[in-house]
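Quick look at what TrEMBL lists:
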- C121, H124, M129: Cu cation binding site (BINDING)
- 35-135: domain 'Blue (type 1) copper' (DOMAIN)
Amino acid sequence: MLTLARSLVPGLVAASLLPVVVAAKDLARVFEVRMQMSKDGTRAYFDPLGLHIQPGDTIRWVQISGYHSTTAYHPENGNHELRIPENAKPWDSDVLVAVSPAKGSSFQRVFRQEGVYDYFCRPHEAAGMVGRIVVGSPGSGPGTRPFDYAPQRKWNSVPVVAQKQLPSVEEIMRKSVIHPFLDEQIN
């Protein structure tokens, strides 16, 4: 009888932990970031441009108007300056166009590692189309450092106009969601 009890205990302990694991997975959320162009075609932007999320959450970038990408600031993406956690995998959606494959085309990514993630739109980076995501605690990784923090690496710099568009990590932590300040919104 003691042998039977010993063989059941590990299974019961494992079964009692299962709801906790499932519950934690169920808490993961999906956030939508709209990729847009102003009606007059003069401004391209992500909305929101700053988000605070938790590890395990998903960001889904949705193409609304114009043609855009979501691309991590990382040397693997055009030798750009590293602005995501050092061990995080970079992403690049390639260009999504509002009419092809279809309006509402999307790209998504699950963020598991804490830190600051800066990203840009390949066609509109020079116009300041950038965004910032803080996952959990910002830590002290590349996204928290000054721009051009490693000139010896000869990475492509973040354009000054793009630098000025990014909300501070502190503001994102305080507000959780930062929307661009625009006179008009795209529906």
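Any Cβ shown, glycine's included, is placed from N, Cα and C.
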For the Cu cation site (C121, H124, M129), what does the 8 A shell look like? I mean other same-chain residues with CB within 8 A of the CB centroid.
M35, A44, Y45, F46, H68, S69, F120, R122, P123, E125, A127, G128, V130
Non-local Cβ contacts of C121 (Cu cation binding site) (under 8 Å, 6 or more apart, same chain)?
M35, A44, F46, H68, S69, T70, T71, M129, V130
Helix, strand and coil residues within the domain 'Blue (type 1) copper' (35-135) as assigned by DSSP:
3 helix, 43 strand, 55 coil
Let me know the model's mean pLDDT on the domain 'Blue (type 1) copper' (35-135).
93
